[in-house]
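As recorded in TrEMBL:
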- 515-531: compositional bias 'Basic and acidic residues' (COMPBIAS)
- 1-459: domain 'Major facilitator superfamily (MFS) profile' (DOMAIN)
- 500-531: region 'Disordered' (REGION)
- 44-67: transmembrane segment (TRANSMEM)
- 74-96: transmembrane segment (TRANSMEM)
- 108-129: transmembrane segment (TRANSMEM)
- 141-159: transmembrane segment (TRANSMEM)
- 179-198: transmembrane segment (TRANSMEM)
- 303-324: transmembrane segment (TRANSMEM)
- 336-354: transmembrane segment (TRANSMEM)
- 366-388: transmembrane segment (TRANSMEM)
- 409-429: transmembrane segment (TRANSMEM)
- 435-456: transmembrane segment (TRANSMEM)
Amino acid sequence: MAASACWGGMLFGWDSGLIGGILQRPAFKRAFGLTDNAIAWANISGWIVSVLQAGCFFGAMSAALVSEKFGRRGALFIAAFFFHLGSLLQVTPLTGGQSPENGLIQLYVGRAIGGFGVGMVSVVVPTYISESSPKHIRGRLTGMYQLFIVIGIALSFWVNYGMLVQIGDEDTHNEKIWRIPFALQHLPGILLVVTMLWEKESPRWLGERGRWEDAKVVIARLSNKTTDHPDVVNEVDEIRADLEKNIRLSFGEQFRQATSSGKMFYRCSIPAIMMFWQQWTGVNSMNYYSPVIFGELGLTGNTAGLLGTGIYGIVKIVMTVLVLQLGMEQYGRKALLVWGGLGQALPMFYIAGYRHVRQGDPTIDGASYVAIVMIYLYVTFYSFGWSVAPWPAMSESVPNQLRSLTMSIGLMSNWLFNFTISKITPILLAQIGWGTYFLFGCTTLVASIWAVFFLPETGGYAIEDMHQLWNGNIVKQSLRDNRYLFKMYNNAAVGAIGHERDEENSGKAAAERQNSTEKGSDEHFEKVREG
């Protein structure tokens, strides 16, 4: 189920890795009559990259409305339509002739339309998976979205490398070197549509429409149990109880509830805050412009730059798989964000110092090789922290009845700052050079500090119990949860929570739950989470 939906993540990953290699090809520049002036080219390339993010912003904005009306699964099919339409326009622009700017306009329009589909997918996929997954592997499955993004990035890196090796830059009239990579991005879109044909709707969305028998069938299918199995019946009852407690709200009512108090507003802002920090770690500047960055650090020649970029993509895949398998459910979200962020910041500071001292000196020596290693170390820690951990953390933090609205706003934040980063990075690299890396190092450091003081640990709770984290003082809860920075929380907590729910259903734990809530204390649930 999760893998089928996560093909949507590859849509964005493929494009973000693809465009950096295409922009450097002389055949691409000639086809659209693009300038060789460094400052002007930085501006144009920034627009070619960032117009996709502009489309993504509006796709994320519409995702909540579309997914509420047509369902999570239906929204994915609608998003795939826009993606394929945009990809087709990117493959087929008319080039050369007297008006190459017409082809460039078609490229812009295609990237914006394709981006609309990608933006919608980015909201719907984490929501769909989190609503369909059992709590003990929910973080791992939701984090798969990021895994498919980095697989798409790596594959597109190697496609660009293959095009350069097989076709080369000598013939600037051979447009296959950029049209074929654009055409191949249809593949993950096709896989998304084909695999989702066999999947079912989110059980929570079905429950909101009163389709409880359908919801029971979906849960039974996903858990490989019969519809009358006690676990299936209990899960349906939990969803029903939560929906009865939180009646279905219009978007206006959701907005009013999200802003009903300072604490509720902050809780609903977690997705937007986390996406802001994720983008300002600077990772997408590396994805989009990595060939340029590797060239600045000493990997000269087009083939060497793309080879370095391809290896960069492989490192991201390997580390993301390791974190999902060994870290997400064992160490929780908070530890990954804090330690991953600190590990990201240090390589950026080294590269900033290296670029400042060298001032464009192309000499290759030990310090140059260390700088290249630092890029790989940077992506290792990004994969460890701000790559996968934000997706489950933000989908778990928000109230159930406000998830569509808050996730849409969170992903709008993602695409807004993705647009900002992709537009300013080539300009920053051209204007301030080393300061670009210093800036991203500082913002990543601040992101880690925020996670220490203002983010409770969300791992180990059922979604229906998540409100317990936010009853008391958020800073105190966040500081208490810092103990998970230095140790694993016991994954037996999953079984403990399940046992707790069985007791609650029989009335044995209701009084204890109520007392814990009235005192504004999370001690009861902390004991459960620790097993």
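Any Cβ shown, glycine's included, is placed from N, Cα and C.
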Could you give the residue numbers and ranges of same-chain residues that sit at least 6 residues beyond the transmembrane segment (179-198) on either side and whose C-beta is under 8 angstroms from one of its C-beta atoms? 3-5, 7-8, 10-11, 14-15, 18, 21-22, 73, 76-77, 80, 83-84, 87-88, 90-91, 121, 152, 156, 159-160, 163
Given 74-96, 141-159, 336-354, 435-456, the one sharing the most C-beta pairs under 8 Å with the transmembrane segment (108-129) is 74-96
Here the stretch out of 44-67, 74-96, 141-159, 366-388, 435-456 with the most C-beta pairs under 8 Å to the transmembrane segment (409-429) is 44-67
Using Cβ atoms and a strict cutoff of less than 8 Å, what residues sit near the transmembrane segment (435-456) while being 6 or more residues removed from its termini? 270, 273, 277, 280-282, 285, 333-334, 337-338, 341-342, 344-346, 348-349, 351-352, 355, 386, 393, 425, 428-429, 469-470, 474-475, 477-479, 481-482, 485
Under 8 Å Cβ-Cβ from the transmembrane segment (366-388), and at least six residues away from its ends along the same chain, one finds 143, 146-147, 150, 277-278, 281, 283, 286, 293-294, 297-299, 308, 311-312, 315-316, 319-320, 322-324, 327-328, 336-344, 347-348, 350-351, 354-355, 358, 444, 447
Two-stretch contact, the transmembrane segment (74-96) and the transmembrane segment (141-159), at least three Cβ pairs under 8 Å: no
